[in-house]
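Right, one structure below, let's go through it.
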Amino acid sequence: MTDQYAVIGSPIGHTKSPLIHGLFAQETQQDMSYTAIEGPVEPQDAFAGAVRAFGAAGGKGMNVTAPFKLKAFAMADACSERAELAGAANALRFENGQIVAENFDGLGLVRDIEVNLGLPMAGKRVLMLGAGGAVRGALLPFLAARPAELVIANRDVAKGQALVAQVGGRGPLLACGYGDLEAMGRFDLVVNATSASLTGDLPPVPPGVFSPEGTAYELAYGKRLTPFLRLARNAGVRGVADGVGMLVEQAAEAFAWWRGMRPQTRSVIDRLTVPLD
Ligand code: ATR
């Protein structure tokens, strides 16, 4: 029987996940279907009901996107450490009547940077802008990549400091405000993990953080040169990238978790890439 998977979110109209997983399934010859489900936002418990119904009907797994990642995590019976730290799930697996939660966003981001862009983070100075869900999901995979230093800058500094208190023991993690960055020198990699680009805003990052031979990475994708990437370009950075590779790599991680085999990602990334210029 064809195994059933789906992505659930609201609004779900623009999701690329069915296309991505469809291409993965074709390439690896998996007998599976992958659909998009518009999740119920109201009433409060309707989302959990929709997920349980999908599992009860024989569904094997789901991807979860905004605004349901926290609810998906909260309703799971078990979870990975990554999902626990993020407090959010972007992938679920139904097994033996249980729901297991994972979060592959950070892992997908690290894989895109290290494998696709060819930039190992070991020994590098890395700056991450933001301290919200996207950063919480990325912290453990980033620290596992052994940067020389991982700095998280956020408007609300206390939020960054709370993350340091939680996982600072795992590696060289530091939190600061944007004003402190002036004195911190250049970084090899600067990742914009704020939600500023979604509204066309620019986090107040001083251009001095960029190094010309370094890389600027925008988590948002398909938005061409965002104000953040433009700032990096103007500061002389040659390596600028958006999050299309991360999108495909997190999907590949989920696919491997569900199906026990890793699809190739290059052609899928190429197909979904919207040129920055
Ligand atoms: P996500 O899950 O996308 O990370 P979130 O948890 O709501 O969303 O977090 C949004 C992040 O973007 C926060 O770090 C927020 O900063 P504050 O915690 O200081 O509010 C950051 N952010 C949003 N808009 C921003 C802007 N215009 N400039 C700088 N940071 C911004």
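Glycine residues also receive a Cβ, built from the backbone N, Cα and C atoms like all the rest.
A quick note: this is a predicted structure, and the numbers were derived from the prediction, not measured.
Among the candidates N90, N116, N234, the residue that TrEMBL annotates alongside T15, K16, S17, T65, D105, Y221, Q250 as binding shikimate is N90.
Checked against ligand 1, the recorded positions S17, K69, E81, N90, L219, Y221 give no residue with a Cβ less than 6 Å away from one of its atoms. The recorded stretches the domain 'Quinate/shikimate 5-dehydrogenase/glutamyl-tRNA reductase' (121-197) and the domain 'Shikimate dehydrogenase substrate binding N-terminal' (7-91) share 3+ CB pairs below 8 A when only pairs 6 or more apart in sequence are counted, and are therefore in contact. Applying DSSP to the domain 'Shikimate dehydrogenase substrate binding N-terminal' (7-91) sorts its residues as follows: 36 helix, 17 strand, 32 coil. Look at the Cβ of each of the binding-site residues G130, G132 and count the other Cβ atoms within 10 Å; the largest number goes with G130.
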